[in-house]
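Peer 1: According to Swiss-Prot, the protein carries these features:
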type    : residues                                  : note
BINDING : Gln38, Leu39, Arg40, Glu41, Lys42, Lys138 : 4-amino-2-methyl-5-(diphosphooxymethyl)pyrimidine binding site
BINDING : Asp71, Asp90                              : Mg(2+) binding site
Amino acid sequence: MEENFFKLILITNKQQISVEEYLDFVCACVQSGVTSVQLREKELSYRELLGFGEALKSILDPLEIPLIVSDSVSVCLDLDATGVHLGQTDGDVIEARELLGSDKIIGWNVNTLDQLLNANTLPIDYLGLSAMFATQNKPDATNLWGFSGLEQAVSLCEHPIVAIGGIDESNASKVIDAGAAGIAAIGVFHSAQNPSSVTKALREIVDRGLRC
């Protein structure tokens, strides 16, 4: 698996859009620079989630773009997805690693410094730092890391950090400069009038920052 799969992660938010139309949107973003897609659809049933996941894999697999499943090891296994992104209430990471084996990616979401320090001993591939800034997609976020919090987290963390929450073209450069290995986002992609253009701009920002 390419090490920089977490450079620019598109987190899904299909809502009422048809699957066909949404796949066109995802494909446009992937062709413009998204490096992996995170399946996050909390309103779907297990069966619906599998169906949507299979549809995503049908366009992502030929392009060798990883599909990461939010919250569920079982969905990851049933889809044979590339990996899983787990939150603090989504089960035991060590057990997840035993179930998934060494070939699957595991991301672990943290909201506090204590959680981050604990993550240093866990068998994960990257750490999701959430939320960076205020965002409509995480209205209940009680801790916003901001740039200084991200810098502190990077200095203390043993894993690559993917910054999540409220990131767009206006702040992505500073996020990478503060030490993030990548960014994951919902709103900046889904609210864009031209998703391809926004994706290209974000990818250029990330690539430029990581080269420095």
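Even glycines carry a Cβ here, placed using N, Cα and C.
I'd like these features described in context: how deep, what's nearby, how far apart.
Peer 2: In three-state terms derived from DSSP, Leu39 (4-amino-2-methyl-5-(diphosphooxymethyl)pyrimidine binding site) belongs to an extended strand segment. Note: Leu39 (4-amino-2-methyl-5-(diphosphooxymethyl)pyrimidine binding site) has non-local neighbours Thr12, Leu49, Phe52, Gly53, Leu56, Leu67, Ile68, Val69, Ser70, Val75, Ala81, i.e. same-chain residues 6+ apart with C-beta under 8 A of its own C-beta.
Over all protein chains present, the Cβ of Asp90 (Mg(2+) binding site) has 16 other Cβ atoms lying within 10 Å. Asp90 (Mg(2+) binding site) falls outside any helix or strand according to DSSP and counts as coil.
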